């Protein structure tokens, strides 16, 4: 597992929003106020959010916000690599290192929705090779793993082990 590159990682929400605006501008894309607000909400919550949680939060500042507005913003942010879609929990989370290396592994807490981003090209390559042995091919470069974060581990009863 590689350590985060502090030179390309923005540490505050303001820095992350500024980085997102810069990345979009470099690509000739525009981070509109609605898109920016959706990203800000994901950054502020610090965990993954479902679309309707985002819609509810958006309506606090934009009372007329409708589902298509949020979904279009999510699609744009995902296309720009500023957020991740988490199929494991049917939610979205902000990418905290949008200017850095792609994340091979997203560890998703099934208790609270927290997400850890891991970049490990060697592990990703090994996983792709193992999957290829079954005749399958990975459909995406990101792999999601369901887990419990340290806080949820403290609250959870001891896990029962599964035989395989």
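For all residues, glycine too, the Cβ spot is worked out from N, Cα and C.
Straight from TrEMBL, the features:
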| type | residues | note |
| --- | --- | --- |
| BINDING | 103, 141 | Fe cation binding site |
| BINDING | 109, 112, 149, 152 | Zn(2+) binding site |
Any further residue of that chain within 8 Å (Cβ to the Cβ centroid of 109, 112, 149, 152) of the recorded Zn(2+) site: 110, 111, 113, 114, 147, 148, 150, 151, 153
Least Cβ-crowded entry, counting other Cβ within 10 Å, from the binding-site residues listed as 149, 152: 152
Cα-Cα distance linking residue 141 (Fe cation binding site) and residue 152 (Zn(2+) binding site), given in Å to the nearest integer: 27
Distance from residue 149 (Zn(2+) binding site) back to residue 141 (Fe cation binding site), taken between C-alpha atoms, in Å: 23
Integer Cα-Cα distance in angstrom, residue 112 (Zn(2+) binding site) to residue 103 (Fe cation binding site): 21
Sparsest-packed among the binding-site residues, when each Cβ's other Cβ atoms within 10 Å are tallied, from 103, 141: 141
Cβ-Cβ distance under 8 Å to residue 109 (Zn(2+) binding site), same chain, at least six residues away: 47, 115, 147, 148, 149, 152
DSSP-derived structure type at residue 152 (Zn(2+) binding site), helix or strand or else coil: helix
